[in-house]
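Inspection log for the structure reproduced underneath, given as C-alpha cells.
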Amino acid sequence: MRKLYCVLLLSAFEFTYMINFGRGQNYWEHPYQNSNVYHPINEHREHPKEYQYPLHQEHTYQQEDSGEDENTLQHAYPIDHEGAEPAPQEQNLFSSIEIVERSNYMGNPWTEYMAKYDIEEVHGSGIRVDLGEDAEVAGTQYRLPSGKCPVFGKGIIIENSNTTFLKPVATGNQDLKDGGFAFPPTEPLISPMTLNGMRDFYKNNEYVKNLDELTLCSRHAGNMNPDKDENSNYKYPAVYDDKDKKCHILYIAAQENNGPRYCNKDESKRNSMFCFRPAKDKSFQNYTYLSKNVVDNWEKVCPRKNLENAKFGLWVDGNCEDIPHVNEFSANDLFECNKLVFELSASDQPKQYEQHLTDYEKIKEGFKNKNASMIKSAFLPTGAFKADRYKSHGKGYNWGNYNRKTHKCEIFNVKPTCLINNSSYIATTALSHPIEVENNFPCSLYKNEIMKEIERESKRIKLNDNDDEGNKKIIAPRIFISDDKDSLKCPCDPEMVSNSTCRFFVCKCVERRAEVTSNNEVVVKEEYKDEYADIPEHKPTYDNMKIIIASSAAVAVLATILMVYLYKRKGNAEKYDKMDQPQDYGKSTSRNDEMLDPEASFWGEEKRASHTTPVLMEKPYY
C-alpha cells in the first residue's frame with residue numbers, strides 16, 4: 001500500500017507540474033505566479049516619435065502636469081508575443097549585448113496601492129447619507145447604515161437649533177426639538193461610553209477586546225437589539241469622538257430631513273419635527289461616523305488621511321495622466337475642498353415620496369392623537385414608507401484634487417487608478433479626514449515594478465532567446481515614468497517632470513496605445529484595437545487560472561486523503577467507535593455573530609425607548 005501511495009503521490013505532483021509549467025507548451029499561455037494576469041509580449045511596434053499626450057482634446061491641463069502622472073489601462077490585456085522582434089531604435093542606447101523589446105501588456109503598477117481608493121468596492125454604500133441596507137424588526141422593514149469604512153468628520157446638523165445631534169433623544173415630556181439623535185440615558189450607562197469603559201466591559205470577550213477604538217465602538221453599538229427582537233439584524237450606527245475618547249450610539253439612523261413638507265425650521269415650534277442634514281463641519285472634525293459593518297482592518301483597506309504632493313489620475317498605457325473632465329469649485333483650504341467632496345458624494349437618500357400623507361406628518365399626527373398605529377407605520381428616514389429605497393452602493397462624486405496654489409477643488413466621479421506626484425496638490429476623498437494629511441508618495445514604485453517585470457520575463461525566456469553572439473534580451477514593461485531614468489529603457493533621453501518632489505523622468509518617444517475619452521474612460525487607440533480584439537473589454541478571463549487552481553487543489557486533496565487513509569486508519573477507527581457517545585464531545589461553540597450577549601442592552605424588563613421601532617417614533621417615559 002505504501003508503494004501505491006508513493007506512486008500516486010508522485011503522479012499527482014507530476015500532474016500538478018504539467019498543469020502549471022507544461023511540457024513544451026507555449027509559456028505565455030499561463031499566468032504569472034502571484035499575479036492575476038500573465039504579461040505576455042507582442043511584436044514590438046513602438047518606434048520613437050514626437051511625444052503626444054493621449055488625452056481627449058478637451059483636456060485643459062498644462063503639459064507639465066501631465067508629465068508627472070502614472071496611469072494604467074485596466075481593461076486592455078495582453079496578447080501573444082510569439083515572433084517578437086527587437087526594436088532597432090531602442091538598441092542604440094544600450095550596450096551591444098542587450099536587445100530591448102517592449103511588452104504590449106498595459107498593466108498598472110498602482111493596482112494594489114490604489115485598492116483602498118476604490119470606494120464603491122471598499123465602502124459599498126452611501127457616504128453623505130448611508131442607508132445601504134434593509135433589516136426587519138418585529139415584522140417591519142427598516143433601513144440602516146451599512147458602509148464598510150469609517151466616515152471621518154461626518155456629523156448631523158440640526159437646522160435652526162443649538163442642540164447637538166449627540167444629545168440624547170427627547171423622552172417623557174420633553175419637546176421633540178429638545179432632543180438629539182443619541183441613545184437616552186440608561187442604568188448602567190451604555191452611551192456614551194468611554195474607550196476605557198468599553199475595554200473593561202469587553203475584557204473577557206476574545207473577539208472584541210483587542211479591536212481598535214473605531215471598530216470597537218461599531219461593535220458596541222451593534223450589541224443593542226431593538227424591540228427585544230434577538231433575531232433581527234438591525235444594528236444601530238455610532239459616532240466616535242476621538243478627542244473625548246467616547247462612543248455615542250445613535251438612536252436615530254436618519255441623516256437627512258429637509259423641506260417644508262417633512263419638517264419645521266421654526267425654533268419656536270418646539271414639538272414639531274426638526275430638520276437636519278449630514279455635513280462635515282468644523283465642530284465635527286473629531287467625529288467619525290460608523291455603521292455596523294465597519295471592517296476590523298479598515299486602517300489597511302479604507303482611506304483616512306489626505307495625500308500631500310499627490311493628485312488622483314488615470315493610468316493610460318505607461319503613465320499617470322490628469323483626469324480631463326472634472327467639476328471645479330473654489331476652496332480656501334483643504335477642509336473646504338473635503339467638505340465639498342462630501343456634499344457631492346454617494347447618497348442613499350430616497351428620491352421619491354408619498355403624494356399625500358408623508359411619513360413625518362404621520363409621526364406628528366401620531367404624537368398629537370396618541371395613535372400608536374400611525375407611529376408604528378411611519379419610519380425614519382424620510383420617504384422610506386411606500387417610497388423608493390434608493391441605494392447608491394457607493395457610486396458618486398467621491399474624489400477630489402485640491403490645488404493649494406490656485407485654491408481650486410477638482411471633484412470627479414470616476415475611480416482614480418493612480419497618483420500623480422505634484423507639489424501643488426493634495427488628493428482627498430469623501431471618506432477621508434477633513435484636515436489630516438500624509439506625505440509619503442511612493443517614489444520608488446515605478447522603478448521597483450520595472451525591475452520586477454524585467455526579472456520575471458528574464459526567468460521565463462531564460463537562455464532560449466539568447467542569440468548566438470550571447471546578446472541578452474530584455475523585455476521592458478510599458479512603464480514610461482520612473483525616478484531612475486536608466487530603468488525606463490527609453491530609446492530617447494527621458495525628460496524630467498516639473499513640480500515633482502520625487503524627481504521623476506518620463507519617456508515621451510514611445511507611442512502610447514491608449515487614450516482618455518470624453519467621459520474619462522481609458523480605451524485602446526483605434527489603430528491598436530485589432531491587436532486587442534480578442535481580449536475582454538473590461539476584465540480578463542480567468543478560466544485557465546481557475547482550472548489550474550482547481551486541478552492543483554484536487555491533487556493536493558487526493559494526496560492528503562491517501563496519506564490519512566494509509567497512516568491513520570487505526571486512529572480513525574477509534575474515533576468512529578466514539579460516534580455513539582455524543583456526550584464525550586461537549587457543547588458546540590456559539591456563532592461569531594452571536595458573540596455579544598443580547599441581554600447586554602441593559603433594558604431588562606423596563607420599558608424600552610421605543611416598543612415599535614429602532615428609531616425615534618414615540619417618546620419613552622422613565
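Counting begins at 1 with the first residue displayed.
Quick reminder: no glycine exception, Cβ is built from N, Cα and C everywhere.
Because the structure is a prediction, the values reported are computed rather than measured.
For Cys149-Cys302 (among others), the entry in Swiss-Prot reads disulfide bond. Using a 10 Å Cβ-Cβ cutoff, Cys302 (disulfide bond) registers 24 neighbours.
Counting Cβ atoms from all protein chains shown, Cys217 (disulfide bond) has 29 others lying within 10 Å of its own Cβ. Under the three-state DSSP scheme, Cys217 (disulfide bond) falls in the helix class. Feature annotation from Swiss-Prot assigns disulfide bond to Cys217-Cys247 (among others); the stated evidence is similarity to another entry.
What Swiss-Prot records for Cys263-Cys275 (among others) is disulfide bond, and it gives similarity to another entry as the kind of evidence. Cys275 (disulfide bond): 21 other CB atoms within 10 A of its CB, across all protein chains.
For Cys320 (disulfide bond), the number of other Cβ atoms no farther than 10 Å from its own Cβ, over all displayed protein chains, is 30. Feature annotation from Swiss-Prot assigns disulfide bond to Cys320-Cys418 (among others); the stated evidence is similarity to another entry.
Sequence annotations record features per position, and here Swiss-Prot assigns disulfide bond to Cys337-Cys409 (among others). The secondary structure of Cys337 (disulfide bond), as reduced to three states from DSSP, is helical. In sequence order, Phe329, Ala331, Gly400, Tyr402, Cys409, Ile426, Thr428 are the residues of the chain that are 6 or more apart from Cys337 (disulfide bond) and have a CB within less than 8 Å of its CB.
With a cut-off of 8 Å between CB atoms and residues at least 6 apart in sequence, the same chain places Asn421, Asp483, Thr501, Cys502, Arg503, Phe504 near Cys443 (disulfide bond), listed in sequence order. According to Swiss-Prot, the disulfide bond annotation covers Cys443-Cys502 (among others), on the basis of similarity to another entry.
In the three-state DSSP classification, Cys490 (disulfide bond) falls within coil. For Cys490-Cys507 (among others), the entry in Swiss-Prot reads disulfide bond.
The disulfide bond feature in Swiss-Prot is assigned to Cys492-Cys509 (among others). In the three-state DSSP scheme, Cys509 (disulfide bond) is classed as coil.
Under the heading N-linked glycosylation site, Swiss-Prot lists Asn162 (among others). In the three-state DSSP scheme, Asn162 (N-linked glycosylation site) is classed as coil.
DSSP assigns Asn286 (N-linked glycosylation site) to coil in the three-state reduction, outside any helix or strand. Cβ neighbours of Asn286 (N-linked glycosylation site) (same chain, under 8 Å, six or more residues apart in sequence): Asp241, Asp242, Lys243, Asp244. Feature annotation from Swiss-Prot assigns N-linked glycosylation site to Asn286 (among others).
The N-linked glycosylation site annotation in Swiss-Prot covers Asn371 (among others).
When secondary structure is read from DSSP and collapsed to three states, Asn421 (N-linked glycosylation site) falls in the strand class. The N-linked glycosylation site feature in Swiss-Prot is assigned to Asn421 (among others).
Look at Swiss-Prot and you will find Asn422 (among others) tagged as N-linked glycosylation site. Within 10 Å of the Cβ of Asn422 (N-linked glycosylation site) there are 26 other Cβ atoms, across all protein chains.
The feature N-linked glycosylation site is assigned by Swiss-Prot to Asn499 (among others), with sequence analysis given as support. Take the CB of Asn499 (N-linked glycosylation site) and look out to 10 A: across all protein chains shown you find 18 other CB atoms.
Annotation source Swiss-Prot lists region 'Disordered' at 577-607.
Annotation source Swiss-Prot lists signal peptide at 1-24.
Checking each of the recorded positions (Asn162, Cys217, Cys302, Cys492) against Cys507 (disulfide bond), the C-alpha distance stays within 10 Å for Cys492. The disulfide-bonded residues considered are Cys149, Cys507; of these, Cys507 has the fewest other C-beta atoms within 10 angstroms of its C-beta.
With Asn499 (N-linked glycosylation site) as the anchor, the candidate recorded positions are Cys263, Cys275, Cys302, Asn422, Cys509, and the one with the nearest CA is Asn422. Of all the disulfide-bonded residues in the record (Cys217, Cys247, Cys418), the one with the smallest CA separation from Cys275 (disulfide bond) is Cys247. A separation of roughly 22 Å, to the nearest angstrom, links the Cα atoms of Cys320 (disulfide bond) and Cys302 (disulfide bond). Cα spacing between Cys490 (disulfide bond) and Cys509 (disulfide bond): 8 Å, rounded to the nearest whole number.
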